[in-house]
Amino acid sequence: MMRTSVNRYVVTRPLYTEDEKKLKVCNPDILSMNALLSLLPIIAWMKIYRLKEWLLGDVVSGVSTGLVAVLQGLAYSLLASLPAWYGLYAAFFPVIIYFFLGTSRHISVGAFPVLSLMIGVVVNRMVPENGPPANITAFEGLTMNEQRAIVAASLTFLIGIFQLAMGLLQVGFIVIYLSDTLISGFTTAAAAHILVSQLKFIFGLHVQGFSGPLSVIYGVFGQITSTNLHDLVTSIVVMVVVLTVKELNERFKSKLPVPIPIEVIMTVIACGVSYAFSFKEYYGVDVVGRIPDQFEAPMAPDLQVFRETSVDAFPMAIVGFAVAFAVAKVYSIKHDYVIDGNQELIAFGASNIFGGAFRSLAASTALSRSSVQESTGGKTQVAGVLSAMIVLVVILALGFLLEPLPKSVLGAVVIVNLKGMLMQVCHVPSLWKKDRPDCVVWIVTCVASILLGLDLGLAVGLGAELIAVVFRTQCPRCCVLANIAGTDIYRDRKDYTSIYEPEGVKIFRIPSPIFFANIDFLRGKLIDAVGFNPLRVLRKRNKALRKIRKLLKKGELTLMSVSPKGLQVMGSLSAEDSEDESSIEDLDLPTDFSDLPVQVNWRAELPANISVPPVDIHSLVLDFSAVSFIDITALNGLKMALKEFIRVDVEVYIVACDPYVFEKLKSCEFFDDEIKTSIFFLTLHDAMLHILQINPPLSVSEKVSKLQHCKGFSVTTTLYDGLFNI
């Protein structure tokens, strides 16, 4: 707050003005239209759709993305332990709903490998290959694949309910708790899980259901002698060719009109070769098999499955949304438009509810597929709808052509698309150099997700991230400030060689909120900064006063008016007299000179060998410019700390305090007879000028001018009357 005083601190600077704000009258019709546009973002971008400029790009992008979506849909359904065609449903039904409700114009909605793998873990748990399935009434009389389809569809429906509820409750901000570091570590671990899960297809083995990466590794290498060489060779050829062409696409992307769809090309070739040479019949190669040429009837979700999978569904809802939102944010920044996190939750929630009713896998987005949609000229979700039409054609008319496709080819495609996620490991050394707490979060999340599973790993990673945040705020980097000579700027004195620190003044900066977890740490740092413990000094002073009273009472100490010391000992203090009979509570009270003939000068030498720790400062300034809040526990601790300094004759000042924090102090009865509102100053320099006014330095010309002769100021100081004409 500003102090009323005859002294003035005048700054000459250009006049800064703020444009006049005009009140806008809200029209109910406008509010209704805004609500409609918020719920149906398609209306907003369809109004600005440039038919001649954008349509061709959307068509090319839609066809290219549709071909990739077909292949990835088939591949990612294997991660969920489902027949291949269920992945195609994820590339159709959710896309239609997102077209109307989504705010991103560039992401490709559909199956996401990490989400598919998480669904596969639940599917394998409830319907294992060996052993009886879970006790679900709807499972009676169904095959294993049909039971698994019910689990996956019900789980997708439940994921959609969670996402829709979060969107309606406006909690899209929850994604901010999943940092880029945490997502990177999590997706790297997920990529490791996916890689391991595809080994059985690469080697052509029939490994039974697994519960973790190590178990499937044991299963694969336990049957390594049964490897199908045709599957292995096919996978290696596909991976080498696809990786090579992808590198060429990346290197020559500026010269290629569209990326070479090498995955689609290799899939077509593999289908032809498998059909021509009868891979399944003669060589035992596992193929995709029958793909129905019609959609299955919609189904209601199973409530028993809901009860069994509710704990699993919530982290899946968060992961699916977080990844999609992160990708959407990248493209929104690149193409300069705004996305709404809450509306994205609503869009994905509705998409997954609709998709789950038609037995689709849970939808999110895949970076590789979204990259194809954007890089091939896609401008809006018209490209997404066209890609869904390509998938529809494949489901209804061309599905039979994919029946001879070896699953090893799909496994190879999945592994190739993991390159980006797996290469995130290479960033760990540089992350360690830049930010070690973030690097620890990455490592903990990755290792926990690999060893404990993706759901528990995500929880552990989130816990590690919150601990890192608490650690940063609980142990902030406090510093002592000093003045840069000739300016009104104050910086950490450790960072500068030529810097002016006023004698008898300490400026302590608190760079974080003050709350129950860091108040003791901050008090410790403050004591280190000033060089003494005020409570210890106060207790020593009160003990000294008690001894002086005893000496005066016994006549062993007399007042000498001519003595420089003021008090002169006339005898010796006995051992019993030196014992302390005061309680700790009495020693913590302010020093009381009311019954003494003089006040004790604690800076002078005391009689009778009485020793009190010295106090080298007369003023303490606390910089609150970075303190955004303070809680009750910290408030009480701060109050006690300030009183301890005040009671040892150190004037305390608080500067640059946020108005919210100041009001909080007032409402919590922070101020009393010892701590007054007058200790608060608007700026640090205001406080320093006030301190130098009441505690003028010995040499005005050499010391005061360093602080007050700032650029743009004219200072004249009269030492004795304390008048500053500035």
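Each Cβ is built from the backbone N, Cα and C atoms, and glycine gets one as well.
For 495-691, the entry in TrEMBL reads domain 'STAS'. On the 0 to 100 pLDDT scale, the domain 'STAS' (495-691) averages 82 in this prediction.
Residues or ranges marked as transmembrane segment in TrEMBL: 54-76 (among others). Away from its own ends, the transmembrane segment (54-76) comes close to residues 84-85, 87-91, 108, 110-113, 116, 258-259, 261, 263-264, 267, 288, 361, 366, 368-369, 372-374, 376-380, 382-391, 394, 402, 405, 410-411, 413-414, 417 of its chain (Cβ-Cβ under 8 Å, at least six residues beyond either end).
According to TrEMBL, the transmembrane segment annotation covers 83-101 (among others).
Taken from TrEMBL, the feature transmembrane segment applies to 107-127 (among others).
Non-local neighbours of the transmembrane segment (148-168) in the same chain are 80-83, 86, 119, 122-123, 126-127, 136, 138-139, 142, 174, 299, 301-302, 305-306, 309-310, 312-314, 316-317, 320-321, 342-363; each lies 6+ residues outside the stretch with a CB under 8 Å from one of its CB atoms. Taken from TrEMBL, the feature transmembrane segment covers 148-168 (among others).
Annotated transmembrane segment per TrEMBL: 174-196 (among others), in sequence order. Proximity of distant same-chain residues to the transmembrane segment (174-196), defined by a Cβ-Cβ separation under 8 Å and at least 6 residues beyond the stretch ends, is recorded for 79, 113-114, 117, 166, 213, 216-217, 318-319, 321-323, 325-326, 341, 414-415, 418, 421-422, 424-425, 427, 431, 438-439, 441-450, 454, 457-458, 461-462, 465-466.
The annotation transmembrane segment is assigned in TrEMBL to 227-245 (among others).
Under 8 Å from some Cβ of the transmembrane segment (257-277) lie the Cβ atoms of residues 60, 64, 67-68, 71, 234, 238, 241-242, 245-246, 248-249, 283, 285, 287, 372, 375-377, 401-402, 404-406, 409, 413, 416, all in the same chain and six or more residues away from its ends. The transmembrane segment annotation in TrEMBL covers 257-277 (among others).
The transmembrane segment annotation in TrEMBL covers 313-331 (among others).
Among the features that TrEMBL reports, transmembrane segment is placed at 382-402 (among others).
Sequence annotations record features per position, and here TrEMBL assigns transmembrane segment to 408-428 (among others).
Residues or ranges marked as transmembrane segment by TrEMBL: 440-471 (among others).
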- Message: How about the transmembrane segment (227-245) with the transmembrane segment (440-471) - do they touch, taking at least 3 C-beta pairs under 8 Å (6 or more apart in sequence) as contact?
- Response: no
Per the Cβ filter (under 8 Å) with a sequence gap of at least 6 from its ends, the transmembrane segment (83-101) is approached by 39-42, 66, 69-70, 72-77, 109-111, 116, 145, 149, 152, 288-289, 291-292, 295, 343, 346-348, 350-352, 354-355, 358-363, 381, 384-385, 387-388, 391-392, 394-395, 399, 402, 410
